[in-house]
Structures are given as structure tokens and as C-alpha cells.
Amino acid sequence: LACREFPGCGNIVTFSQFLFIAVEGFIFEADFGRKRPAIPIRNYFIMVAMFFTVSVVNNYALNLNIAMPLHMIFRSGSLIASMALGIIILKKRYSVSKYTSIALVSLGIFTCTFMSAKQVASESSLNQEDGPQAFLWWLLGIAALTFALLMSARMGIFQETLYQKYGKHSKEALFYNHALPLPGFLLLAPNIYQHAVLFNQSELFQVPVIGLTLPIMWFYLLMNVITQYVCIRGVFILTTECTSLTVTLVVTLRKFVSLIFSILYFQNPFTGWHWLGTAFVFVGTLMYTEVWNSFLKKRRRHKEQ
């Protein structure tokens, strides 16, 4: 809602999320700076550098003749990238059902994203210059997206190996991954201040139960920060308990649910292709979690008794 009301307010939203998590972690996890990190802080600098690189390259790819629909479709390949790097770097081997499930989920998400992207592309008539130069820029954009996809998968594997070596410290990782990048927002200070002024000028809203009156955009921002904190906290706990591939699957499914919700909420067409993509995701997820195998085992045990 905030981004629809004030396009370009992403910086103030992201800064607010990082600041909230950093302050909360500084108080309750770092004990006001008195507690030393269990994982050497240089590793957190590496993780932050990876995350920053992925974000910058993904955003910059949009300036290289890469349309937003293609950008969305490309990022839906994170599962394949995570599995491929897991095989190459960690020497992992998966069962045929795991390979099939990842392929099905990826195909389902690709189908839904592609159909939604076609609708976006048909609604917007963007004229791009033709010629070899434009094609070369497009190829460079594809290379940038591929690099970002692989770097993101590498970051997940790096986290997995850190937790194996130093133990599970999800709260600590959450704090340092949000506190260390904060100085970088100084580069975005003018934009953040500009949107803070615009937020102050939005209509007043009385918060239920509390009775506090404040500009409605600040209320939207507060709700976003709280819900995002719960979501990110869950993801960081998941990274300590599961493999990078499983974490990527869960995060990808979350994005897929958000895509379906946005289609329904904004009343965009939900075609037969969307239903087919949803079915692929559902079946692939069941295969990955081995729900069907567990069900058959329980049934066999019940018959034996």
C-alpha cells in the first residue's frame, strides 16, 4: 500500500526495517555491545557484502534493457541455482524425487510468473531501441542476473557452512546482517528524508485500541516493519535448522504465495495456466517434503498391526 501511494518509497521502508531489527538486536542480543559474537565478525562482513552485491546487481540489471517481467522470471530460478551450487561446492547428492520436486516447483513458479509477466507486458507499451547495441546491453543484463542468482545461492551455502562450523546463532546473524549495512543508508539520506516529509503530510489515522492519532503512512510503515521482522526472524531461524536448499524452497514458496495473493487481491486475471502452475508447485512441494512417502509408511505399519 505504501509503495502504491508513494512510488519510490522503498528506501525508507528498507531503512526502517534494518533500523528496527538492528536496535532490537543491539538491546536484546548484543546486550548493548557487551556480548562478543560467537561467529567471527569478518564472516558477517562477507555475508553483508554478498547481500549488498546481489541487491545492487539485481537493481542495476533493470538499466540494461532487462524488462521487469523477465527480471521476475529470472529470479524464480533460485531453486535450481541453489541445488546446482550445493552439488558443485558441498558435493551433495539428492534422490530422484528431490530433483523432480525442485523441477516441478521451479516450472510451476516460472509458469505463473511468465503468465503474470505477459499481462504486465501487454498493458505497458515500452518502445526499446533496436539494433546490435541494444542486444549487447540485453546480453550484459542477462549475465548480471545470472551472476546475482548464483551469488545469492552461494550466500545461502556460506551461511549453512558457518552454522555447521560455529553452531546455530540465528539471532546474532539477524542482528549483524542488519546492523552492519546501516552506514550505507547515509548515501540514501536525501531520498529517505524526502519521503519522511511526504509521510508526515498524509491523512491522519487513529490507531484502533490505542487511540493514538498519526499520519496513516507512518502506520502502514509500522505494520510493515513489524510483519517483516516476524518474517525475517523466521527465515533466519530456518537457516540454522535446515539446508540452504530447503530455506530457498520455503522463501521461494513465500514469494509464490505473495504473487498469487497479489493476483487475487488486485483482481488480475487468473488463467488456466496459473492453475496449472499452482498445481505444479503444490505437487512438487509435497514430493520434496516426502509427505506421500510418510503417509504410505504409516499406512503399511497400520496394516501390519
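Glycine is no exception: its Cβ is also placed from the backbone N, Cα and C atoms.
Beyond the transmembrane segment (12-32), the same-chain residues lying 6 or more positions past its ends with a Cβ under 8 Å from any Cβ of the stretch are 2-3, 171-172, 174-176, 178-179, 181-182, 185, 188, 191-192, 195-196, 199, 221, 224-225, 228-229, 232. Annotation source TrEMBL lists transmembrane segment at 12-32 (among others).
What TrEMBL records for 44-62 (among others) is transmembrane segment.
Packing against the transmembrane segment (68-90) from elsewhere in the chain are residues 58, 61-62, 99, 102-103, 105-106, 109-110, 113-114, 116-118, 120-121, 142, 145-146, 149-150, 152-154, 156-157, 160-161, 243-245, 248-249, 251-252, 255: each is 6 or more residues past its ends and has a CB under 8 Å from a CB in it. Residues or ranges marked as transmembrane segment in TrEMBL: 68-90 (among others).
Within its own chain, the transmembrane segment (134-153) is flanked in space by residues 50, 53-54, 57-58, 60-61, 64-66, 71, 74-75, 77-78, 81-82, 84-85, 128, 244, 248, which lie at least six positions past its ends and keep a Cβ under 8 Å from the stretch. The transmembrane segment annotation in TrEMBL covers 134-153 (among others).
What TrEMBL records for 174-193 (among others) is transmembrane segment.
If you look up TrEMBL, you'll see 205-223 (among others) marked as transmembrane segment.
Marked as transmembrane segment by TrEMBL: 235-253 (among others).
Among the features that TrEMBL reports, transmembrane segment is placed at 273-296 (among others).
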